[in-house]
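Copied over from Swiss-Prot, here are the features:
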- 1-159: domain 'Obg' (DOMAIN)
- 160-328: domain 'OBG-type G' (DOMAIN)
- 166-173, 191-195, 213-216, 280-283, 309-311: ATP binding site (BINDING)
- Ser173, Thr193: Mg(2+) binding site (BINDING)
Amino acid sequence: MQFIDQARITVKAGRGGDGIVAFRREKYVPAGGPSGGDGGNGGNVVFQADSNLQTLLDFKFKQIILAENGRRGGPNKCTGASGNNIVLKVPCGTEVRHLETGIIFGDLTIDGESLVVAFGGIGGLGNAHYLSNRNRAPEKFTEGKDGEEWLLHLELKLLAEVGIIGLPNAGKSTLISVLSSARPKIADYPFTTLIPNLGVVRKPSGDGTVFADIPGLIEGAAEGIGLGHEFLRHIERTRLLIHLVDASALNPLEDIEIVENELSAYGHSLIDRPRILVLNKKELLDAKNLKKLERKLNQGSISEVISISAIMSNGLDILLNKIWSKLEI
């Protein structure tokens, strides 16, 4: 399935039905006169969060969405039927905002949560409303009002407590695959991950915690270079970041600095988010060089480093214990 996490659509609520002009003229109806009914109200446009959806793909080719119009009034003071609401299902984590002003209509994060974004127009009045002592046979009625119309921007921000970040080929997809049941595409070349991957990792209590692995960052990602900037929004909601570093890289310290700079440049308080620095692929270094690298990192601003081998499932218990303790703070 194609992963679409942004969409631009126009929504228009239904127009209210018109009131009508009608009269009761039956000889057996002593209180005859104007009997035109009111028009029905137009239908609303409603968004609803659905935990079974993972993408905004449905809106890629459906860019104008209309709710049903109200029906015109009927004789005998009958009100026309209101238009049906149109309910648009979106993934949990979808933010709905007005495209031109940026005003946020709502943020749908809970399964089943609903949000009315465009209200239908009010139905018009029939001539029965205009009966008076001066006018016993009014011909006046009103038309229904137009429904609200908005140009909207939909943005999906995945709901994950833990985000795994790092440069391409740091081993993020391997890590999430061994920690959870997620099965992302894994290969030994950069940019294997082209979309975010989600995996559920079980705590000792049995509760599940959602982890997100986003495509690798590169220098300049926050300014739009590479793939990672497209998906940094998906770690905005996380409580904890795992900064994964390839311990066997030519310059791991420089790699760390690149990612830290991108977090700072992106904003949204990502640089202040609690995180754990994890050296991966420790199986590719001898013990002496690994210790040397750990000491060098500990001498800087990084107080604690965890070394693992994701592919060999080594050191994962220590990492998970640290994650659970951080999330409980």
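Any Cβ shown, glycine's included, is placed from N, Cα and C.
Locations of recorded Swiss-Prot features on the structure.
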{"residue": "Gly166", "record": "ATP binding site", "Cβ neighbours (10 Å)": "26"}
{"residue": "Asn169", "record": "ATP binding site", "Cβ neighbours (10 Å)": "18"}
{"residue": "Lys172", "record": "ATP binding site", "Cβ neighbours (10 Å)": "29"}
{"residue": "Ser173", "record": "Mg(2+) binding site", "Cβ neighbours (10 Å)": "24"}
{"residue": "Ile195", "record": "ATP binding site", "Cβ neighbours (10 Å)": "20"}
{"residue": "Pro215", "record": "ATP binding site", "Cβ neighbours (10 Å)": "26"}
{"residue": "Lys281", "record": "ATP binding site", "Cβ neighbours (10 Å)": "22"}
{"residue": "Ser309", "record": "ATP binding site", "Cβ neighbours (10 Å)": "20"}
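Between the alpha carbons (Cα) of Lys281 (ATP binding site) and Ser173 (Mg(2+) binding site) lies a span of roughly 13 Å. For the pair Ile195 (ATP binding site) and Ser173 (Mg(2+) binding site), the C-alpha distance works out to 11 angstrom. Recorded residues Gly166 (ATP binding site) and Ser173 (Mg(2+) binding site) have their alpha carbons 11 Å apart, per Cα-Cα distance.
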